[in-house]
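The next block holds one structure in the form of structure tokens; read it before the comments.
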């Protein structure tokens, strides 16, 4: 939840931006959730209704405008497959016009520890929301319960259940800790740089257990914490605890981002294995990550979704009548053998996308088992493209070839607009930097050209997933969805999420692959298809 003072500064800047900048494009993403109208930010209250087979997503919502503002509500959406979402009526509303139902989480009170439920409510649908009630005077933790499976909520009459005489105490994330048979809450003392850990028997009375403080990137404040047990990729029967903390403003690349720490939890204290802050997503547009309280085991035990924007420029991105999208849902695991460099293995969070689609077009194979040269670029036009595409690229670098550091030795992909090819995304890999780059600045949209915070160019360090026969192999999967690009490197060892904006109707569909150096890149596989 963004600090009000920071929003005041943003509002001042917004007043200087022409209104036309906010309405130049309105192409709605196909597989990333967007509200029907209004403003959306943090995901909240994620849970799975095992009785109905339905996923629930709540979110910070201003239905009255396309910028953040009070009163702020909990919007609501549901899904049968974690890809296609149905907007639902507002779930939780604040009590005053100058207040907000700020971020929080959902639990399923299977054993009715709260006493809110009777036997007529299926234990799998005993939903309790834990959320921050924000007023100009304070931020306090409230609870509300649902008797209809998460669609409407009744506020607990004795709220607040937790207060700290502070205007910067928010974002409770609650889970059940089976060894102690207690509820555990993490909540942010935002400007003290503390994530406080509380325990409870009944969701109503909370005891402070410990604090995880002053770790990693501090930025301006901590927000949206989360603590979850994440399985090992190598051995799913083993796991470690992961503490997620959001930072805004003050991200290394500007604005907002998510960091995480790997460690152990004993019901009282979270102890990180080291003091290293690790980055969840290396893009500019992935914030306020939250994980689901429970899941369908088909998808694993640790699933999360984030807001696909950045507070530096979120109020100005072109969109109408809604503003902002969510990321795809991602299953998380821990790669305990992640090769950070040739001499060091680290524990690393791994993420892959959930994309349940039945109407995708056929894969168009551009290149297989071929060496790329300057003369043989590969081109394809997906003439009926909707602007939602996915691609897979497996390539290798010839390590025996000597390249001058002064030469930009690149493999580039050019995703061009079908109506106007002068608008395009360029992305690719450059050998000397050993990084995958993105250029999202080739657009005629005024916001892209003029907003100083919308960074046009960025990159992500890449390491090969294997090396053999003098070739170092790399892999990238990408999903382009109208104005959101998600990139997954080496099966999700590294992830980057970024928004982009083209003129309305200029769907990306023409794809070119080029290189600036002969015989340096070997293309094992490159294929693209349309998502409908």
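Each residue, glycine too, has its Cβ placed from N, Cα and C.
The active site annotation in Swiss-Prot covers 42 and rests on sequence analysis.
What Swiss-Prot records for 39, 40, 41, 42, 60, 102, 103, 170, 171, 223, 311 is substrate binding site, and it gives similarity to another entry as the kind of evidence.
If you look up Swiss-Prot, you'll see 23 (among others) marked as N-linked glycosylation site.
All protein chains shown were included, and the count of other CB atoms within 10 Å of the CB of residue 64 (N-linked glycosylation site) stands at 14. The secondary structure of residue 64 (N-linked glycosylation site), as reduced to three states from DSSP, is coil rather than helix or strand. What Swiss-Prot lists as N-linked glycosylation site is 64 (among others), and the listing cites sequence analysis.
Taken residue by residue with DSSP, residue 111 (N-linked glycosylation site) is part of neither helix nor strand, so it is coil. Feature annotation from Swiss-Prot assigns N-linked glycosylation site to 111 (among others); the stated evidence is sequence analysis.
The N-linked glycosylation site feature in Swiss-Prot is assigned to 112 (among others); the stated evidence is sequence analysis.
All protein chains included, residue 118 (N-linked glycosylation site) registers 9 other Cβ atoms within 10 Å of its own Cβ. What Swiss-Prot records for 118 (among others) is N-linked glycosylation site.
Classification of residue 165 (N-linked glycosylation site) by DSSP places it in coil, neither helical nor stranded. What Swiss-Prot records for 165 (among others) is N-linked glycosylation site, and it gives sequence analysis as the kind of evidence.
Residues annotated as N-linked glycosylation site in Swiss-Prot, with sequence analysis given as evidence: 275 (among others). Residue 275 (N-linked glycosylation site) falls outside any helix or strand according to DSSP and counts as coil.
Residue 356 (N-linked glycosylation site) falls within neither a helix nor a strand when secondary structure is assigned with DSSP, and so counts as coil. Annotation source Swiss-Prot lists N-linked glycosylation site at 356 (among others).
Residue 369 (N-linked glycosylation site) has a Cβ environment of 8 other Cβ atoms inside 10 Å. Residues or ranges marked as N-linked glycosylation site in Swiss-Prot: 369 (among others).
Contacts of residue 384 (N-linked glycosylation site) defined by a Cβ separation under 8 A and a same-chain sequence distance of 6+ are given as 509, 530, in order along the sequence. Residue 384 (N-linked glycosylation site) falls outside any helix or strand according to DSSP and counts as coil. Annotation source Swiss-Prot lists N-linked glycosylation site at 384 (among others), citing sequence analysis.
Look at Swiss-Prot and you will find 398 (among others) tagged as N-linked glycosylation site. According to DSSP, residue 398 (N-linked glycosylation site) sits within a strand segment. With a 10 A radius on its CB, residue 398 (N-linked glycosylation site) counts 17 other CB atoms from all the protein chains.
Annotation comment: Swiss-Prot describes 512 (among others) as N-linked glycosylation site. DSSP assigns residue 512 (N-linked glycosylation site) to a strand.
According to Swiss-Prot, the feature signal peptide maps to 1-19.
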Residue among glycosylation sites 64, 112, 118, 398 with Cα closest to the Cα of residue 39 (substrate binding site): 64
Candidates 60, 103: member of the binding-site residues with the richest Cβ shell (10 Å): 103
Rounded distance in angstrom between the Cα atoms of residue 42 (active site) and residue 171 (substrate binding site): 10
Distance, residue 512 (N-linked glycosylation site) to residue 60 (substrate binding site) (CA atoms, angstrom): 39
Cα separation, residue 171 (substrate binding site) to residue 165 (N-linked glycosylation site) (Å, whole number): 15
Winner by Cβ contact number (other Cβ atoms within 10 Å) across the recorded positions 41, 165, 275, 512: 41
